[in-house]
Amino acid sequence: LGSVVAYFTSAKFLLYLGHALSTWGDRMWHFAVSVFLVELYGNSLLLTAVYGLVVAGSVLLLGAIIGDWVDKNSRLKVAQTSLVVQNASVILCGIILMIVFLFKTQLLTLYHGWLLTMCYILVITIANIANLASTATAITIQRDWIVVVAGEDRSKLADMNATIRRIDQLTNILAPMAVGQIMTFGSPMIGCGFISGWNLMSMCVEYLLLWKVYQKTPTLALKAAKVEESELKQLNVKKESDMRPAEGVQLIVEKDVTGFEPQEEKEVSCVSRIAEPFITFRDGWVAYYNQPVFLAGMGLAFLYMTVLGFDCITTGYAYTQGLSGSVLSLLMGASAVTGIMGTVAFTWLRRKCGLVRTGLISGIAQFACLVLCAISVFMPGSPLDLTVSPFADISARLFESEPLPTIASPEDKPEMVFATGMPNLLNGSITPANSDPEMSPEPVPLISVSLLFAGVIAARVGLWSFDLTVTQLLQENVVESERGIINGVQNSMNYLLDLLHFIMVILAPNPEAFGLLVLISVSFVAMGHIMYFRFAQKSLGKQLFVCCTPDPKAVSDSSPGNTSTV
């Protein structure tokens with residue numbers, strides 16, 4: 001009993017609990033805000049698309065600056081500030097959306113609808129601030145706090161990383177289901193109120209949990225001093241040198257960042273202040289490039305350039321191929337199960353073969369499963385036809401002078417049918433675009449779409465194992481004083497490739513071109529794993545394919561340049 005109580009009061013468990021609460025609120029909000037924006041703007045995807053573009057662009061541009069802010073401030077201050085800003089922004093957004101839902105008819109008539117437009121702009125801006133604060137929280141907790149709590153025990157770090165990912169997998173499925181039920185059986189306004197109330201309660205509990213974890217882990221109060229710019233450049237130049245990054249962390253004298261002795265403040269010119277964010281942006285990307293784990297990070301980022309996931313794009317394609325909503329929900333549940341299996345596989349493989357080789361095995365497993373997706377493109381039932389113009393539906397709309405969706409009043413309930421044939425997720429319609437309800441369409445063979453989803457679901461095992469591998473490589477091999485900025489740039493790279501994948505879909509939105517997008521996605525996954533293979537080759541040299549059970553007391557094989565047998 002004593003050991004059980006000790007576990008539930010340990011810093012590790014409290015960190016898990018805080019992450020679960022944070023992720024639950026985060027997933028509910030990300031799901032709900034997209035639906036709210038579609039509902040508000042006449043069942044059009046315009047506001048949702050703008051929101052997605054703003055979020056991706058903001059993290060892409062500000063990722064390094066957010067990471068630098070994380071590095072320069074004490075851990076508790078960073079965690080508490082980002083927590084309060086994130087939750088306060090969501091609460092404020094929820095209140096504004098409730099007001100809009102209540103008084104939408106009146107807002108439409110005021111100032112020719114400009115006041116309503118300003119509300120939309122305000123909601124997207126505040127929601128973007130919430131996402132940036134969420135990014136800061138993820139960097140400081142998942143990339144820094146967890147490393148300190150785990151201490152020198154890398155096996156414990158691997159187990160904690162895997163547990164965090166399992167929490168992510170479960171909340172990804174359960175949180176949208178919960179808020180979706182509330183919005184379905186209640187109303188969007190009730191959904192807004194529930195999310196605002198949840199975030200208010202969650203913020204107070206998480207704040208307390210952070211303080212408890214900070215108290216139980218005294219080393220969190222110690223933070224490596226920020227390396228001066230000249231020293232940072234010298235450190236980065238040693239990318240190929242004999243000094244291992246793990247040793248580089250120990251070389252830095254730890255001191256309490258809250259206890260810096262006051263120094264004489266140098267007068268900074270206005271031009272220097274303006275230029276500082278740009279210099280930070282440049283230095284962050286240069287430092288990221290010079291990291292020994294640069295190729296591993298790039299390999300992970302390339303996996304974001306794919307349509308082979310359970311996002312709105314793949315879901316919409318599945319509807320056009322005749323899969324029902326209930327079947328899709330089962331497939332999403334299966335993907336969550338295989339994702340959790342991936343976290344279990346990661347911990348087992350790491351113990352047996354070491355960290356770097358785990359990434360290799362995971363990459364091969366993921367790519368082998370995605371070969372099924374590539375084969376599905378050429379199987380019966382595949383709509384692949386590159387002779388069909390991607391913008392045929394849009395051209396037809398323009399030439400036939402059909403009005404585009406506009407801001408709808410609450411009484412209007414227009415059908416939402418996308419040019420890509422995506423379903424109306426709000427009213428349950430699964431009729432493909434341009435289909436005639438009077439004509440009974442021939443059933444589409446399900447061989448192609450079945451192979452596609454079999455490959456996507458099976459690949460989740462390798463995907464999440466690979467993701468955890470790269471995450472731990474970054475945790476172990478990035479100097480402590482650079483953890484924030486390097487992980488900020490990594491987030492920027494991930495968003496950049498994710499943004500490119502949406503642009504790719506915009507250029508080829510019709511189902512007939514989806515097969516081409518699948519082949520491009522598989523190619524980018526292959527390129528990502530080739531980059532990782534090159535990193536592993538540099539790290540382990542001739543020992544690359546020697547897989548043996550490492551001695552727990554031995555040095556981990558995750559340090560590039562360490563070619564000793566482990």
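Every residue gets a Cβ built from N, Cα and C, even glycine.
Among residues of the same chain six or more beyond the transmembrane segment (44-70), those with a C-beta under 8 A of the stretch's C-beta atoms are 33-34, 37-38, 78, 120, 124-125, 127-128, 131-132, 135-136, 139-140, 144, 277, 280-281, 283-285, 288, 404-406, 416, 418, 483-492, 495-496, 498-499, 502. The transmembrane segment feature in TrEMBL is assigned to 44-70 (among others).
The feature transmembrane segment is assigned by TrEMBL to 82-103 (among others).
Positions annotated as transmembrane segment by TrEMBL: 109-133 (among others).
Look at TrEMBL and you will find 293-319 (among others) tagged as transmembrane segment.
Per TrEMBL, transmembrane segment is recorded for 325-348 (among others).
The list of residues near the transmembrane segment (360-379) in space but at least 6 beyond its ends in sequence, with Cβ under 8 angstroms from a Cβ of it, reads 299, 308, 342, 345-346, 349, 353, 447-452, 454-456, 458-459, 461-463, 465-466, 469, 515-516, 518-519, 521-522, 525-526, 528-529, 532-533, 536, 544. Summarising the annotation, TrEMBL assigns transmembrane segment to 360-379 (among others).
The feature transmembrane segment is assigned by TrEMBL to 444-463 (among others).
According to TrEMBL, the feature transmembrane segment maps to 484-507 (among others).
Among the features that TrEMBL reports, transmembrane segment is placed at 513-533 (among others).
At the 8 Å Cβ threshold, with sequence separation of at least 6, the transmembrane segment (444-463) comes into contact with the transmembrane segment (293-319) through 3 or more pairs.
Among 82-103, 293-319, 484-507, 293-319 has the largest number of CB pairs under 8 A with the transmembrane segment (513-533).
Remark: the transmembrane segment (293-319) contacts the transmembrane segment (325-348), by the rule of 3 or more CB pairs under 8 A. Cβ atoms under 8 Å from those of the transmembrane segment (82-103) belong to residues 22, 25, 29, 33, 36, 40, 116, 119, 122-123, 126-127, 129-130, 133-134, 136-137, 140, 187-189, 192-193, 195-196, 199-200, 202-203, 206-207, 210 of the same chain, restricted to positions at least 6 beyond its ends.
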